[in-house]
């Protein structure tokens, strides 16, 4: 095999594959990238069994072939090499790959391509097309609310549910939940309800181009999903299990509501959290009054923090406490001037924003005496 | 005590003190900042027994007093508070300090000022004045060559030696050495030879203003040193022990010399180091020839790296090996186009730069078969 690459194209492809190729969970040649020539193009793959990525790029193919090599040295050497063109040339006898550019050479011992498990093809599929920017926003506005790896598997995923022209993404760790809905241009061929690992969606969000309009084709069956965009084919297992009925979690009756300036509110939560996060439950007390809300927390060993934030409040003044991190999280994912809170004595708060329509965040209060 | 501060002044003072105040080695109220009013100014201190810093700043003193409080909350709260003015008000009865700004309040429990060991005054001192920018450069060009904390104490410091108008700073870990000399405007009152912890010099370098001309007054006696600049008084213990005669380590006879382009050389070392640093001795082989030098390294399990760099070489072609990190370090501290190497078969290399006069770096070769 002998191929000449543009450095930028090669580096972009390696960076797209690097994370998956280096996942330690894989028993499939961890830390390896597979490269082959196919129909006049170069195909590169990384696979960790949960996620597999395949990228097809243009390059000058001088001699066809297939090799598997160590991602780490490949990635670092290409990054540190300041030339426009990089040549890969394999030697079947020595099983070495020569990376070269002008005055620089790197010989890497290669692995056996037969040991590499190729990224799977998806079978019996349905598909929909979604605008890339909208899909990236869906991921970014919901996935942070999911549970971390250690918890119950279904809550480490995000639900992607669709019917007709409506597509909804939901993530929750059971204490708070984020829901984002978008409207598709054309109705879906069949209804969809799949649970995708947030790890997969993080890769999709990372790889989606932000400098050009992109369409993401989502192809799914009962056990797997594929995201197809740009030069990328990303295959992922789905999470099995029964996801709760998220609609039921969103309350529809409220005692009161408040409108706050997003930046002022975020600053106040951030400062009170300094102290709250060192206390046992990280809770912040909210005293709602007609024209302002007072946020406070105390810790016998350190001291007391208090913030006043102006608000347009409707309802009867009352007191409620929330985990500082959960409110901080939604404020970090907020944009625009105004944020709306829909409140209920001892009940979950629903948070919405002017600048992010069809986006709902729900947080359960902390019970205090 | 009640004081109104400009936020920027207060934040700058806390940032200057934070590192020393949070050193875990201290038994002197670790994590604390001392604040007192004195002659119409505010004095703030941090002290970890090895290094003590005192800063004097302007503020609106409404009521005099002295307090000691936790650096961490103080620093974070001030940083996160976006107002121009911050008020500190202590309550002698509750032993709490109230930090406040517009709508934001933070009550912090304070510590007993009697438990805080004040930064020492230096006794029986000599002093010299040095240009701040030149002194910062001396530190930055030498201190990285010192040994890390775990090694022999004298090599964790830098030697500062002066006589007449000559001031020299030296640091070595016994495998490589960096020496920087500067010329003072006026002769020194007495000769100087002190060994300063690189930890202390790192603080001086960090705190020296880069946006205005500054004079550093260095005051020393047999056991301690003080750096006086801007609004800062920085006290430090000296390291005891006999520092080797560094002049003897710099060879004066060479077999050959080479001039290389600094950026090309740095790139080549960086790429070969990718592989060399994973090998047992991190060594890179240099094959010097009339018009170019070939850098190479190999590792039976990974592969082989090779770089060619153009050079103006004088002498007889030969081969020598150096630790990749030691050559990489000097290249990261190099500026300008040209770097000069003075070489000797099996002997240390001396490295000098056009753009940094009176700067010498010496590296002992690695013995290979």
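Backbone N, Cα and C define each Cβ position, glycine as well.
TrEMBL annotations:
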DOMAIN    B:1-118  domain 'DNA polymerase III beta sliding clamp N-terminal'
DOMAIN    B:130-245  domain 'DNA polymerase III beta sliding clamp central'
DOMAIN    B:248-367  domain 'DNA polymerase III beta sliding clamp C-terminal'
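Under DSSP, residues within the domain 'DNA polymerase III beta sliding clamp C-terminal' (B:248-367) fall into helix, strand and coil as 26 helix, 55 strand, 39 coil. In the predicted model, the domain 'DNA polymerase III beta sliding clamp N-terminal' (B:1-118) has a mean pLDDT of 92.
The helix, strand and coil residue counts that DSSP assigns across the domain 'DNA polymerase III beta sliding clamp central' (B:130-245) are 28 helix, 48 strand, 40 coil.
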